[in-house]
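Asks: What TrEMBL lists as compositional bias 'Basic and acidic residues' is 57-101, 108-143, 169-198. The compositional bias 'Pro residues' feature in TrEMBL is assigned to 199-209. Per TrEMBL, compositional bias 'Acidic residues' is recorded for 498-525. What TrEMBL lists as compositional bias 'Low complexity' is 749-768. Residues or ranges marked as compositional bias 'Basic residues' in TrEMBL: 781-790. As annotated by TrEMBL, domain 'MI' applies to 538-654. According to TrEMBL, the region 'Disordered' annotation covers 1-214, 493-532, 739-790.
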Amino acid sequence: MAASASPAASPPRRRHSHHDDESPRRRKRRASPSPPRSPSPGADADRRRRSRASPPDPDRRRDAKPSEEKENGHAKPARDEEGDGRPPRRARVSDGEEDGNRRRRRARVSDDEKEDGRRRRRTRDSDEERDDRRGKRDRERDIRRRRRRSPSSESGSSPDDRRRRRHRRDDGSRRRDDRRRRGDDRDERQRNPERREPTPPLPPPPPLLPEMIPGRTGGIYIPPFRMAQMLREVEDKSSPEYQRLTWDALKKSINGLVNKVNATNIKNIVPELFAENLVRGRGLFCQSCIKSQMASPGFTDVFAALVSVVNTKFPEIGRLLLVRVVLQLKRAYKRNDKPQLLAATKFIAHLVNQVVAHELVALELLTVLLENPTDDSVEVAVGFVKECGAMLQDLSPQGLHAIFERFRGILHEGEIDKRVQFLIEGLFAIRKAKFQGFPAIRPELDLVEQEDQFTHEISLEDDLDPETNLNVFRANPNFVEDEKAYENLKRSILGAESSDDEEGSDAASDDEDEEESDEEEDEEQMEIRDRTETNLVNLRRTIYLTIMSSVDFEEAGHKLMKIKLEPGQEMELCIMLLECCSQERTYLRYYGLLGQRFCMINKVYQENFEKCFVQQYSMIHRLETNKLRNVAKFFAHLLGTDALPWHVLAYIRLTEEDTTSSSRIFIKILFQELSEHLGIRLLNERLNDPNMQGSFESIFPKDHPKNTRFSINFFTSIGLGGITESLREYLKNMPRLIMQQQKPESSESESSGSESGSESSGSGSSSESESESSSDESDRKRSKKRRKRT
């Protein structure tokens, strides 16, 4: 019996199932069954880790069942050696229990784990497919490369190619193994959520305390109401916390005032700026001005004007800003930072214009820039001279002359770019025009008298201290005393202005009622006017299109008369007609007939064409030869048809001094057209009309023989000498007329001499006889000369 009960002699009969070929992990699970629901996922994970650490032992598992049967008090019967015996009923029940336990273990697998397994398999399959596709593409690409490289080797493959393909396969399998390993780790983390460490919540923000505000960056943004509340809550006014709060408020106020200053509100910004503690915030003020000027160089003159006003009350602030700008310029010059260099030189130029910086600073800067000229340095120097050249011309003309001589030498050397050479030539033209368009100080920014200004003279070679510690907050043990001292200084600076403001407010309050009543009346009489001249442009467009689209002058006149013109717009029609005529390649009689029609219809157009004649003759030197010819023929047509009165010729003065080449060409074409229209005989009659002689005196001058000869020679040279016959007669008789004019003068002098010389009658009679004899001799000589000529 003992031999039959031992497990080695007769092992118990087991039912064969497909679970006998399971993996060691499953055997381990079957060997140590667990309850249907584990009390905690942590324990299950620990049990799983222990099972992985210690692999199952099949012999140990076989020996476990007999021992359990002996502990329960039952001996399991052994199977007969022949094999015809059946196991007892209890053994069959234990097999069923084992199957039930196995089914329960399968049911314990959660749906999430099944889904993760399926997802992992799909991911693995997709990764394998992707790797296969990538490997296939790589192989095809290599095949194409080999074919391109050596067409003869298409059939076979070399050992290098086989080795390369083997390495690619190994790399692909290695990448697939890595992806599978990463997927297993990810699934394990998802299966065991207790291993994830929850992220701790963010700590609450610290309370907003003054001591927490950092030092240099300006700190956390504090709303204004919160800042005021914190200032009220601080009891110790000399504490570092309170000083820090006032420092931040001072910095924000100065930055805001500097950023919003412009040419129109600078007079209002200056009192507000003086109301802040500029002695304490002088570093902040300089820093804000430099940053704002760098951001917007177009407002450099405004910032310079603001600095000039502050410099009159606090010269150390003006010097500190000038020192920092010079250091910024030197730093930009060493780094070849052109934008920063341009901004710094422009700031220095306007400080020189405001007499904050000495002119020697500008001359030294120009000397440094032009010592070793490059394209950029010369361009910067040209811009600098444009900004402050007008002031240097007044303060140091010899120094500016030396700078321009250096510019001239650079231009003659020709080693710089053409563009920079053109800049230098433009600078010479600006200097010739006395820097028109580049004023030193705009009128609205001329706020300080030169006598009240403090001028600072520094050198570029000096060791300058920018005093950057003034930009950072420092606790001041004498804070309260300094604040009181600045309050007294502020009253002394703004006292007169505040009193003036109070008086002005009283006067303004008295005048408010009158202004309100006046405004009500003005609103009733207000008219909306278009200052953009849109209507005028549209009118000109309509007139132009009408003139250019008409077939003849009658159609054009009919259409133009239909245009509704407001009073005063008739001049626009005359100007457009003259402009269209001047733009033609050759003169068209169409425009002359159209102008003649309008002059005949309304006298207003006749007066407007007279104004156009005067205006065109005054600007005749601006017209090209073709336009000048067309305009002259247009007015000749109006004069020849009496559409324009001839007294407009009184504006022309034909002398050598009063005419130019363009005006002489205009007069030539005008009179030649008139002679073709009227003929030389009728033109001569018109010009000799006694009623019109006052209008023609300027064309045929008789005031001086020189002007008379010039007029005669001019008309003779253009082939119209026939209209100068009367002028020639006048020139021939001019000596006789001069003598006749001198005789009454001499008789008047004789009568005055006889009255005054009654006491010396003897001497007077002798002088009269001598004068008579001399006059007789002169008459004889003239008669002899006439006889010789004849």
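Every residue, even glycine, has its Cβ placed from backbone N, Cα and C.
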Asks: I'd like the per-state residue tally for the domain 'MI' (538-654) from DSSP, helix first, then strand, then coil.
Replies: 90 helix, 0 strand, 27 coil
Asks: Counting each residue once, how many in the compositional bias 'Basic and acidic residues' (108-143) are helix, strand and coil under DSSP?
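Replies: Split by secondary structure, the compositional bias 'Basic and acidic residues' (108-143) comes out as 33 helix, 0 strand, 3 coil.
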Asks: Note the mean pLDDT of the domain 'MI' (538-654), expressed as a whole number.
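Replies: In the predicted model, the domain 'MI' (538-654) has a mean pLDDT of 90.
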